[in-house]
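In what follows, a single structure is set out as C-alpha cells and then discussed.
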Amino acid sequence: MEGDSYHNATTVNGTPVNHQPLERHRLWEVITIAAVTAVVSLITIVGNVLVMISFKVNSQLKTVNNYYLLSLACADLIIGIFSMNLYTTYILMGRWALGSLACDLWLALDYVASNASVMNLLVISFDRYFSITRPLTYRAKRTPKRAGIMIGLAWLISFILWAPAILCWQYLVGKRTVPLDECQIQFLSEPTITFGTAIAAFYIPVSVMTILYCRIYRETEKRTKDLADLQGSDSVTKAEKRKPAHRALFRSCLRCPRPTLAQRERNQASWSSSRRSTSTTGKPSQATGPSANWAKAEQLTTCSSYPSSEDEDKPATDPVLQVVYKSQGKESPGEEFSAEETEETFVKAETEKSDYDTPNYLLSPAAAHRPKSQKCVAYKFRLVVKADGNQETNNGCHKVKIMPCPFPVAKEPSTKGLNPNPSHQMTKRKRVVLVKERKAAQTLSAILLAFIITWTPYNIMVLVSTFCDKCVPVTLWHLGYWLCYVNSTVNPICYALCNRTFRKTFKMLLLCRWKKKKVEEKLYWQGNSKLP
C-alpha cells in the first residue's frame with residue numbers, strides 16, 4: 001500500500017527525482033501540516049496509552065472482549081509513535097534522509113502493525129459471531145488464555161506475511177532497486193502486485209467482517225424479539241403472584257407483634273446517611289429478653305429494584321452492616337436466631353463507600369411505603385443491646401442503629417432460594433445477557449465503521465492506479481494513506497463512546513486519579529458495568 005504512494009510521490013515516469021528539503025511546500029503549508037499531524041499523533045498516543053492503563057488499573061475492564069481491544073490499542077500506539085511522524089517527515093522533506101536500513105525497519109513495523117489491526121478486527125468479529133450463535137459451546141472455551149493465543153496468532157501471521165519480505169527481498173533478488181532518497185517496499189513497485197495486496201489485506205477482510213456483523217445484528221434482533229414475547233407472556237400471571245411473592249421475599253431475622261396503625265405512624269422513620277437516604281419499613285422485633293446483650297443474625301434480606309439494564313451490571317457485592325440494638329443492659333454475647341423463625345420488612349438504602357465515614361442509619365419499626373420492584377440482597381449484621389431505656393417502644397419493639405462491619409468478611413451470605421418466581425429470574429438473566437451482547441455489538445460496529453471509512457479511500461486509489469497510473473494526484477495519495485493512520489486515532493474514541501466504564505476510567509486517569517485502588521473503588525461504588 002504505502003510503497004505505491006511513495007513511488008508516485010518521488011518519481012516522474014519511473015525516473016527518480018531529487019528534491020531539496022521542503023522545496024515542494026510553502027512555509028505556511030509546512031507549519032500547518034506539521035502542527036495538524038503532531039496534534040493527531042499526540043491524540044493517538046494519549047488515547048491508546050489510556051486504553052492500556054485503564055485495562056491495567058480497572059479490573060472491571062479485564063474481560064475477554066477487552067483483551068482484543070488491548071491488542072488493537074498496541075498496534076495503534078505503534079502507528080501513532082512511529083508511522084505518523086516518520087511519514088509526515090517524508091512528505092514535508094520530499095525525500096528519505098535516514099538511510100535504507102531505517103527505511104526497511106520502518107516499513108516492516110508499519111505494515112506489521114497495520115495488518116495486525118486488520119487481523120485483530122477479524123478476531124473480534126469472529127469472537128462476537130460465535131458468542132452470539134454458539135453461546136453454550138463457544139463461551140465455555142472463551143477464556144483469557146484462549147484470547148491471548150488468538151492475539152498472538154494475529155500478530156505472528158502479520159509478522160510472517162510482511163517483515164521477512166520487506167527486510168530480505170533485496171537479498172533474495174540479489175540487489176536493491178529502491179533509490180537512496182526514497183522509501184518504499186521493493187516488491188510493491190508493480191501496480192498489479194500492489195493491487196493484489198490491497199485485495200488480500202483490505203477487501204477480503206472487510207467483506208468477511210461485514211457479513212459476520214450482519215449475521216450478529218440479525219441474531220441480536222431475533223433474541224430481542226424473543227425476549228419481548230417471553231416478557232409479554234410472563235406479565236399475564238405477574239399481577240396474581242405479586243402479593244405472595246412480596247410476603248415470601250420480605251423475610252429477615254427479627255420479629256415482633258404487628259403494631260397498630262397509630263403505632264406505625266408514630267414510629268415511622270427513615271434511613272439517613274451522609275449522602276443519600278431512602279425510606280425503610282419493618283415489623284419491629286420483640287426483644288429476646290432484658291438479659292440478652294447481643295445476637296448474631298444469619299442473614300438480613302433487603303429488596304430494591306432493577307429499573308434499567310445498567311443496574312444488572314452493577315457489582316453484586318453489597319456492604320456488610322452491623323446492627324446496634326439499643327435496649328437495657330450492656331454489650332456482651334447473647335443468643336442466635338435464624339431467618340426461618342422470624343419475619344420483618346427491610347428496605348436497603350443505596351450508599352456509596354464514602355457513607356462509611358459518618359455512619360448514622362436508623363431502622364424504624366414502621367411498615368409503609370414499600371418499593372415497587374424487587375432485587376434481593378443479603379447482609380450479615382451484628383445485633384448489640386445497649387442500655388437505653390428511652391429507646392424502647394410499644395409492644396417491646398426497639399429502634400436499631402445500623403453501622404458498617406469491619407472488613408474483610410470471610411464469607412458472603414447466600415441469597416439462593418429468595419426469589420419465588422424462577423421464570424421471572426430466567427427472563428431477567430436473559431435480558432442481562434442480551435444487554436451485554438448489544439453493547440459488545442455496538443462497540444464492534446463503531447470500530448468496523450471507523451475502519452471502513454478511514455481505509456476505503458486509499459484502497460480505492462490503489463484500484464484506480466492499477467488501470468490509470470497518472471489518474472491519482474500525489475496529494476491525494478498522501479491524504480489517503482494518512483487517513484489510514486487516522487483510524488488509530490479514532491479507535492480509542494469509539495471505546496469511550498460505546499463503553500461507560502472506559503469513559504469514566506479515562507476521565508479519572510486524565511484527572512490524575514491514577515491509583516488502582518482509588519479507581520476500582522470509585523467505579524465500584526458508582527455501579528459501573530463490565531465490558532462485554
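A Cβ is built for glycine as well, from the same backbone N, Cα and C atoms used for every other residue.
Owing to the predicted nature of the structure, the values given are computational and were not obtained by experimental measurement.
The feature topological domain 'Extracellular' is assigned by Swiss-Prot to 1-29 (among others), with similarity to another entry given as support.
Residues or ranges marked as N-linked glycosylation site by Swiss-Prot on the basis of sequence analysis: Asn8.
According to Swiss-Prot, the transmembrane segment annotation covers 30-53 (among others).
As a summary of secondary structure, the topological domain 'Cytoplasmic' (54-66) carries 10 helix, 0 strand, 3 coil according to DSSP. Feature annotation from Swiss-Prot assigns topological domain 'Cytoplasmic' to 54-66 (among others).
Within its own chain, the transmembrane segment (67-87) has Cβ neighbours under 8 Å at 2, 37-38, 40-41, 44-45, 47-49, 51-52, 55, 106, 109-110, 113-114, 116-117, 120-121, 123-124, 127, 144, 147-148, 150-151, 154-155, 443, 447, 481-482, 485, 487-489, 491-492, 495, counting only residues six or more beyond its boundaries. Feature annotation from Swiss-Prot assigns transmembrane segment to 67-87 (among others).
The feature topological domain 'Extracellular' is assigned by Swiss-Prot to 88-104 (among others), with similarity to another entry given as support.
Per Swiss-Prot, disulfide bond is recorded for Cys103-Cys183. Annotation note: Cys183 (disulfide bond) sits in a coil segment as assigned by DSSP.
Annotated transmembrane segment per Swiss-Prot: 105-126 (among others), in sequence order. Within the chain carrying the transmembrane segment (105-126), a Cβ under 8 angstroms from the stretch's Cβ atoms is held by residues 1-3, 65, 68-69, 71-72, 75-76, 78-79, 82-83, 86-87, 150-151, 154-155, 157-159, 161-163, 166-167, 183-185, 201-202, 205, 208-209, 212-213, 216, 444, 447-448, 451, 484, 487-488, all 6 or more beyond its ends.
Beyond the ends of the topological domain 'Cytoplasmic' (127-146), by six or more residues, the same chain brings 62, 64-65, 67-68, 212-213, 215-216, 219-220, 437, 440-441, 444 to within a C-beta distance below 8 angstroms of the stretch. The topological domain 'Cytoplasmic' annotation in Swiss-Prot covers 127-146 (among others).
What Swiss-Prot records for 147-169 (among others) is transmembrane segment. Same-chain neighbours of the transmembrane segment (147-169): 64, 67-68, 71, 104-105, 107-108, 111-113, 115-116, 119-120, 122-123, 127, 185-187, counting only residues six or more beyond its ends whose CB sits under 8 Å from a CB of the stretch.
Marked as topological domain 'Extracellular' by Swiss-Prot on the basis of similarity to another entry: 170-191 (among others). Mean pLDDT, taken over the topological domain 'Extracellular' (170-191), works out to 89 on the 0 to 100 scale.
Annotation comment: Swiss-Prot describes 192-214 (among others) as transmembrane segment, evidence class similarity to another entry.
The topological domain 'Cytoplasmic' annotation in Swiss-Prot covers 215-443 (among others).
Look at Swiss-Prot and you will find 262-294 tagged as region 'Disordered'.
Positions annotated as compositional bias 'Low complexity' by Swiss-Prot: 270-281.
The compositional bias 'Polar residues' annotation in Swiss-Prot covers 282-291.
Considering other CB atoms within 10 Å as the measure, the emptiest surroundings among the disulfide-bonded residues Cys103, Cys183 are those of Cys103.
Each residue contributes its Cα atom, and for Thr505 (phosphothreonine) and Cys103 (disulfide bond) those atoms are 38 Å apart. Within 10 Å of the C-beta of Thr505 (phosphothreonine) we count 27 further C-beta atoms, all protein chains included.
Rounded to a whole number, the C-alpha distance linking Cys183 (disulfide bond) with Thr501 (phosphothreonine) is 42 angstrom.
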